[in-house]
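A.B. asks: Attaching a single structure in structure tokens format; questions to follow.
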Amino acid sequence: MTSLTNSLNPARSLAPASNGDVADFFALLKPRVMALVIFTALVGMTVTKSHVNPVIAAVSLLMIAVGAGASGCLNMWWDADVDAVMSRTRTRPIPAGKIRPDEALAFGMTLSVGSVLMLGLAANWLAAGLLAFTIAFYAVIYSMWLKRATAQNIVIGGAAGALPPMIGQAVVTGTVGIEGLVLFLIIFVWTPPHFWALALVKSGDYAKAGIPMMPNVAGPDSTRRQIVAYTLLLAPLGLAPVALGFGGLIYGLVALLGGLAMLALSLQVYHRREGEGADKAAMGLFGFSILYLFLLFSALLAEQGLGLFRPVSQLFG
């Protein structure tokens, strides 16, 4: 295993010995990303009209989370050399010398295979196949290729982070319907303005690490224009669940106000281009974009899971 790691990744020499504990291995799984995956997959389960055994649902959510963590672990294994250079990632377990790269690779591969097999046995093989595709797409297509090859890295790579609602729906129904597809598209279109806002502030870090993020390749002004363009697409897309009948009054209000706020903040980023004001505007959009996505999916969860759904047509009835 060590020879494979050594031949593939320059991170091989970062740590001669491991002194990592359980917390360090858990950190390899990117717990915050795992939490978001659990949440969005749960919403994907909830927006369907079908039901699933609670035990199967719980096991499935756990396996989806483990699969997401496994892909994060493989990402950290591959990117350990880059993480060692960037200020916000240099304390991660591998560059910090707490866990050896070969250990991280073995850990990630074991969790990947185990989570896919368990999800297939607990739920169905469509859900397991989608999880396997998600892991492979993030760990191989994004981490090993796109991230260091193109400024469109997070645009294309964002598909991996957008798939959990589709996996959740597949767990319950054995298929993927319009609901899962729309939730996928919302997260997919949300990803570029979210990450590019951060990249505007951290462009120096990315440049030092040799990562071709949009601000470093196309320039800050072009990035700002693209942020506005994606947000203009995201705002109406966020209302699609209402138009398709699985988002109600609560969701519609959250999507409308949240979309307008996203637009306002993206325009601030566009107009504030220099000094502390520029960084403040970018971080403001970055922070609010997280809240926006959380509120959107929370509204769907409240309506469908807690019985609070009221159709928008009631306003005109």
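Each Cβ is built from the backbone N, Cα and C atoms, and glycine gets one as well.
Reproduced below are the annotations present in Swiss-Prot:
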TRANSMEM  25-45  transmembrane segment
TRANSMEM  54-74  transmembrane segment
TRANSMEM  126-146  transmembrane segment
TRANSMEM  154-174  transmembrane segment
TRANSMEM  181-201  transmembrane segment
TRANSMEM  227-244  transmembrane segment
TRANSMEM  249-271  transmembrane segment
TRANSMEM  281-301  transmembrane segment
A.B. asks: Of the listed stretches (181-201, 227-244, 249-271, 281-301), which one yields the highest count of Cβ-Cβ distances below 8 Å with the transmembrane segment (154-174)?
C.D. replies: 181-201
A.B. asks: Sort out the residues at least 6 away from either end of the transmembrane segment (281-301), same chain, that have Cβ-Cβ distances under 8 Å to it, and list them.
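C.D. replies: Result: 39-40, 42-43, 46-47, 183, 186-187, 190, 193-194, 197-198, 200-201, 227, 238, 241, 246-247, 250-251, 254-255, 258-259, 261-262, 265-266, 268-269, 272.
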A.B. asks: What same-chain residues lie close to the transmembrane segment (249-271): Cβ under 8 Å, and 6 or more beyond its ends?
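C.D. replies: That would be 193, 197, 200, 224-225, 227-228, 231-232, 234-236, 238-239, 241-242, 278, 281-282, 284-285, 288-289, 292, 295-296, 298-300, 302-303, 308-312, 314-315.
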A.B. asks: Counting Cβ pairs closer than 8 Å, which of 126-146, 181-201, 227-244 has the most of them with the transmembrane segment (25-45)?
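C.D. replies: Selected stretch: 181-201, with the most Cβ pairs under 8 Å.
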A.B. asks: Please indicate, using numbers and ranges, the residues of the same chain that are 6 or more beyond the transmembrane segment (181-201) and have a C-beta under 8 Å from a C-beta there.
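C.D. replies: Long-range Cβ neighbours of the transmembrane segment (181-201): 40, 43-44, 47, 154-155, 158-159, 161-163, 165-166, 213-216, 220, 223-224, 226-227, 230-231, 233-234, 237-238, 240-241, 244, 262, 266, 269, 278-279, 282-283, 285-286, 289-290, 292-293, 296-297.
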